[in-house]
Amino acid sequence: MASVQRKSWCALTIRLLGRTEIRRLAKELEFRPRKSLGQNFVHDANTVRRVVSTSGVSRSDHVLEVGPGLGSLTLALLDRGAHVTAVEIDPVLAERLPHTVAEHSHSEIQRLTVLNRDVLTLRRDELAEPPTAVVANLPYNVAVPALLHLLAEFPSIRTVTVMVQAEVAERLAAEPGGKEYGVPSVKVRFFGRVRRCGMVSPTVFWPIPRVYSGLVRIDRYPTSPWPTDPAFRRQVFQLVDIAFGQRRKTCRNAFVDWAGSGNESADRLLAASIDPARRGETLSIDDFVRLLQRSADRGGSDREGTSPPTAGQGAPAC
């Protein structure tokens, strides 16, 4: 079994799960990973250390872990001194997790809360304390919806560090105009800055997936450059969906129905300093926000518009 040493401020060492123990636990539970739930469990201690180190969490953090599975990442997060709320949709795994933690370090169990829930329905009033960070090996099938839901539902979250399918990682971190740039790229930047932090080999998981994973970190803007209320966010996201739903069209043509006419669409775009001949796939989150707010200035929205400062690109190095 692998182990990880705590910082000098605490002498406790928590044993991490290795491949042998993960298989033993699965056999004990008569558990077979379900592809429909994206159940691939990380068993490599170095990978777990890397994820936790990238997250930067400490004993002052309340970490929300999505899909803890058999507990590999959970143990490492507890070893950093953090409080962890683990959200697990599988009832068998949710029931077993506290016992696994107790077997590895009984004194840490008091800092663990397990919720047998679908993360997409999780609400802030279900948690005793607001989470400050998300650290997770996200199931491939819900990665983007889960990220957007958590960032919107929990404004207290300052950082998000997740392993996702490599293709999803590329899309999240893509820049305007790139072939991978799309709806997830824009929407996640409504909340913060995004950076890819490297690749993760399929061989560190059980069962071994067919694709590589990517490590991604999102840092929420310390002060949001624009309003963050749900109504404003929905209006911005509506524009994003319109633009990428017709990504081969010019912005002028894509926004005709939204603006009411081609001329009005062009006028709104020009008011936002956007060339109507551009395509939606070249617009940044700043452009979409500015388009909505300038439209409000023209009477095209029920919100008074103000020009946001730029959100900037990139994020702190991983």
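For all residues, glycine too, the Cβ spot is worked out from N, Cα and C.
Sequence annotations record features per position, and here Swiss-Prot assigns S-adenosyl-L-methionine binding site to N40, V42, G67, E88, D118, N137. For the recorded site, V42 (S-adenosyl-L-methionine binding site), the DSSP three-state label reads strand. If you draw a 10 Å sphere around the CB of V42 (S-adenosyl-L-methionine binding site), it holds 24 other CB atoms from the protein chains shown.
Positions annotated as compositional bias 'Basic and acidic residues' by Swiss-Prot: 296-305.
Sequence annotations record features per position, and here Swiss-Prot assigns region 'Disordered' to 296-318.
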Worksheet item: If you count Cβ atoms within 10 Å of the Cβ of E88 (S-adenosyl-L-methionine binding site), leaving out that atom itself, what do you get?
Response: 26
Discussion item. Would you identify which of the binding-site residues N40, N137 has the most other C-beta atoms lying within 10 angstroms of its C-beta?
Written reply: N137
Discussion item. For a quick check of packing: other C-beta atoms within 10 Å of the C-beta of G67 (S-adenosyl-L-methionine binding site), how many?
Written reply: 25
Fill in: G67 (S-adenosyl-L-methionine binding site) - helix vs strand vs coil (DSSP)
coil
